[in-house]
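What follows is one structure encoded as structure tokens, with my remarks underneath.
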Amino acid sequence: MQHRQRPDLRPGAGHRRRPARRRRLTPTSAARHHSGGDGQRRHHHRHHHRHDHAGESGVAGAGTRDPHGTFLLRGSDRCTWLSTGPRGAPSRLEAVTLTFREDGLGPAFVDYVTAWDLQRELHAEVVAGERTDTVLLLEHPAVFTASRRTAEHERPTDTAGAPVIEVDRGGKITFHGPGQLVGYPIVRLPDHVKVVDYVRRLEEAIIAVCADFGVTTARIPGRTGVWLRADDKGGERKIAAIGIRVRKGVAMHGFSLNCNVDLSWYDRFVPCGISDADVTSLSAELGRDVPVREVVASVRRHLDELLAWGPFVPTPDYDARPDPAKTPAPVGVAVLSYPAR
């Protein structure tokens, strides 16, 4: 009696081994996968490539995600990276937390270019999977930063004491200086979080911070950032600016929240290209000094919550306003583009 020879089903026998792929699993299916259960069944996934391009309203493009053979497991409060070996077998399970670095709060201000170089270094490490998501919290000495979409008439009329640096983020021109908390989240965006959704999370975190200090703020559709409604203190006014860049699925640049910054700097230029609104700070709204260090704990708490990527209920918006990025410059004013650094 002849016996039929069973096919060799060992990994790599009779067929070419496929490279490990990165997939996103639910916590339940991740547990089955790690335990060798039915989570090991093969699934097919589409690969969505997001191109690196100049965006609008404080957003600069998004890039393709790097194929490093890792699974992104998304839990209820924090993400986990699972490295995979041959045929998707798990080889390393590692919890990922959101790391905060307070690299320079007054009087130890951080030069803008130095901080930018650090951002790029951390960005490369997060892209390569060598570092967890990291948020830099710091203050800069006085500096203007202008994106490529900044028009000439929006630039400072007086640059004494503050250089103008061309940057590769979205948005237009803004100011950074002592008394302003600047946050640079270097974070990998999960597949279900689009670039605009990420910006909304940053805005929501700052709205929550302002609420902790008794200041009511919200978004204005068409204008990125965090705003106060017009009242007996003045017209609509911006308390926080946002401008980001996303490349290879990882964000950089971020937000600036005015705490006790000298607001006279904003008289020199058209902040974010918006000429029909004002700028304010926590100190101006509360009538007392609110130093940056007093705000840090609240910022960390709300960023940690919203950058866990779970669902959230957004604060209701104020009335929509025109997007300055889509508003033509005045007649006779040239709109110039400047190369990114």
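Glycine is no exception: its Cβ is also placed from the backbone N, Cα and C atoms.
Automatic, uncurated: that is what TrEMBL annotation is.
Residues or ranges marked as compositional bias 'Basic residues' by TrEMBL: 13-25 (among others).
Taken from TrEMBL, the feature compositional bias 'Basic residues' applies to 41-52 (among others).
Taken from TrEMBL, the feature domain 'BPL/LPL catalytic' applies to 129-311. Within the model, the domain 'BPL/LPL catalytic' (129-311) carries an average pLDDT of 92.
A241 (substrate binding site) carries a strand DSSP state (E or B). Around A241 (substrate binding site), taking its Cβ as the centre, 28 other Cβ atoms fall within 10 Å, counting all chains. Residues annotated as substrate binding site in TrEMBL: R169, G170, G171, K172, I173, T174, F175, H176, A241, I242, G243, G254, F255, S256.
Taken from TrEMBL, the feature site 'Lowers pKa of active site Cys' covers K238.
Taken from TrEMBL, the feature active site, acyl-thioester intermediate covers C272.
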Margin query: To the nearest Å, how far is the Cα of F255 (substrate binding site) from the Cα of K238 (site 'Lowers pKa of active site Cys')?
Written below: 12
